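Q: From TrEMBL, for reference:
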- 1-11: compositional bias 'Basic and acidic residues' (COMPBIAS)
- 1-22: region 'Disordered' (REGION)
- 28-47: transmembrane segment (TRANSMEM)
- 67-88: transmembrane segment (TRANSMEM)
- 100-118: transmembrane segment (TRANSMEM)
- 177-197: transmembrane segment (TRANSMEM)
- 225-243: transmembrane segment (TRANSMEM)
- 278-298: transmembrane segment (TRANSMEM)
- 327-346: transmembrane segment (TRANSMEM)
- 358-377: transmembrane segment (TRANSMEM)
- 408-433: transmembrane segment (TRANSMEM)
- 445-463: transmembrane segment (TRANSMEM)
- 475-496: transmembrane segment (TRANSMEM)
């Protein structure tokens, strides 16, 4: 483990280590202001999840491109967050270390959302034909905008969480509180995003959004994105105007080694020099996301296929599938409400169960149970499914009864609590372990992000073939997720070290705070 003691003639730091010129701890309202930025970011994410898939079909995106488009999130997260974290640790701007990156990320989000919303209009202006099944120019604009949006979101979130740790000083309790507030506002953003996306007449507020190239659905998406931009920019400007940062003054460094491999050399060094607690944290986080990502990918598809018995396409089976997807969207809305409320209770729950590691381990077991329960709900839906015969002789399934639908929605609701902990505790522990080892907050959170995005990429690539081995459907991936969640819970209980006590760690960063 990297030593946290310091003296005037210390040997050169290991690559993961970073000096901290801390300010005194800030009042809690400043943590709330910074955390509120998450609501603007998550509002846009919720719109992506609920509205962009049909929009992609409207533009005629080829099926072969779909996986390429949706992989951009994990890929950009794997590259952008560590890079942004590294340079935000060393930024000497007069505006502070984190605030320039937060402002730049918000600006990029606004540009990306504009490109996505106006992709159809720009495509027609550039030569796409109205009514054509595929609009290649619009698709190109959309893909560029989508990639920029993922880069922008990763540019925003890493420095936001790092700023929360900076404002908390070395108080581990305050770091956890800041990350819990961040998770709470993520829940708020999700609720607002899903609610806005479900209201089909929102475009009437700005009727100019409906054009020859952009139908009612497209205009509604465009309006939602306008609201997203306004919300994010307003919150970001208010937060950056009211929460100041001290100018970072780096210690003298030896320039004899030149600047080659600066970032990648430190990133490699970060992985080599990580303390044992950070390695265990990465392992538990990785398994945790192997469990979560199948559900994120296929939750509404599970409702449409397994619970409602529909099929993707047109006709009665397609209509039943769409009803299931809408029911899944309702489940996501309920999930977001529960997640937001649970975020406010994380600190109290951690004390009640005996620490954050026990809380995280416990909710991982709850996640495993919920994913396993999808098998039971599916089997019950299949056994009790009823069919009707249409006048043309076509047999179509009827919606599930209230008990089965309620059971499925209950899974969405209960998963809100583990989700709140997932969005809060790992980042808080990374910040605390980072303080204890003298590591830079930005780079440490960037390294943690690798344990989140790599499982996403693996699941994205392998879940489809894995499900196909067992005859299709979503249950095989959910079962793997349940097993991974259980293993993650076991490792959290048995191997993850407890964070420092809820007091200021005077040994950190060369001096104690009050």
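Every residue gets a Cβ built from N, Cα and C, even glycine.
Keep in mind that what you see is a predicted model, and the values were worked out from it rather than measured.
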Q: How about the transmembrane segment (100-118) and the transmembrane segment (177-197): at least 3 CB pairs under 8 Å, pairs 6 or more apart in sequence, or not?
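A: Answer no: the transmembrane segment (100-118) and the transmembrane segment (177-197) share fewer than 3 Cβ pairs below 8 Å.
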Q: For the transmembrane segment (327-346), I need the partner stretch with the highest count of C-beta pairs below 8 angstroms, choosing only from 28-47, 177-197, 278-298, 358-377.
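A: Per the Cβ count, the answer is 177-197.
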Q: Among 225-243, 278-298, 408-433, which stretch has the highest count of C-beta pairs below 8 Å with the transmembrane segment (177-197)?
A: 408-433
Q: By Cβ distance under 8 Å, which residues at least 6 away from the ends of the transmembrane segment (408-433) in the same chain are close to it?
A: 161-162, 164-165, 168, 172, 175-176, 178-180, 182-184, 186-187, 275, 277-278, 281, 284-285, 288, 292, 295, 299, 303, 307, 327-328, 330-332, 334-343, 346, 356, 359-360, 363-364, 366-367, 370, 373-374, 377, 381, 400, 439, 441, 444-445, 447-448, 496, 499-500
Q: Are the transmembrane segment (28-47) and the transmembrane segment (225-243) near each other by the rule of at least 3 C-beta pairs under 8 angstroms (pairs 6 or more apart)?
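A: As far as Cβ distances go (cut-off 8 Å, pairs 6 or more apart), the transmembrane segment (225-243) and the transmembrane segment (28-47) touch.
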Q: In the same chain, which residue numbers or ranges, 6 or more beyond the ends of the transmembrane segment (28-47), come under 8 angstroms Cβ to Cβ?
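A: Distal contacts: 102, 106, 109, 113, 149, 153, 156-157, 160, 163-164, 167-168, 174, 177-178, 181-194, 196-197, 221, 224-225, 227-228, 231-236, 238-239, 242-243, 332, 336.
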Q: Take the transmembrane segment (358-377) and find every residue of the same chain, 6 or more past its ends, with a Cβ under 8 Å from one of its Cβ atoms.
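A: Contacts of the transmembrane segment (358-377) (Cβ under 8 Å, skipping residues fewer than 6 from its ends): 284, 288, 291-292, 294-295, 302, 306-307, 346, 349-350, 404, 407-408, 411, 414-415, 417-418, 421-422, 425-426, 474-475, 478-479, 481-483, 485-486, 488-490, 492-493, 496.
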Q: Checking distant contacts: for the transmembrane segment (475-496), what same-chain residues at least six beyond its ends satisfy Cβ-Cβ under 8 A?
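A: Apart from its flanks, the transmembrane segment (475-496) reaches 277, 280-281, 283-284, 287-288, 290-295, 297-298, 302, 306, 357-358, 360-365, 367-369, 371-372, 374-375, 378, 429, 459, 463, 466-467, 469.
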Q: Are there residues at least 6 beyond the ends of the transmembrane segment (278-298) whose Cβ is under 8 Å from a Cβ of it, and what are they?
A: 360, 364, 367-368, 371, 415, 419, 422, 426, 429-430, 433-434, 437, 444, 447-448, 450-452, 454-456, 458-460, 463, 474, 477-478, 480-482, 484-485, 487-488, 491-492, 495-497
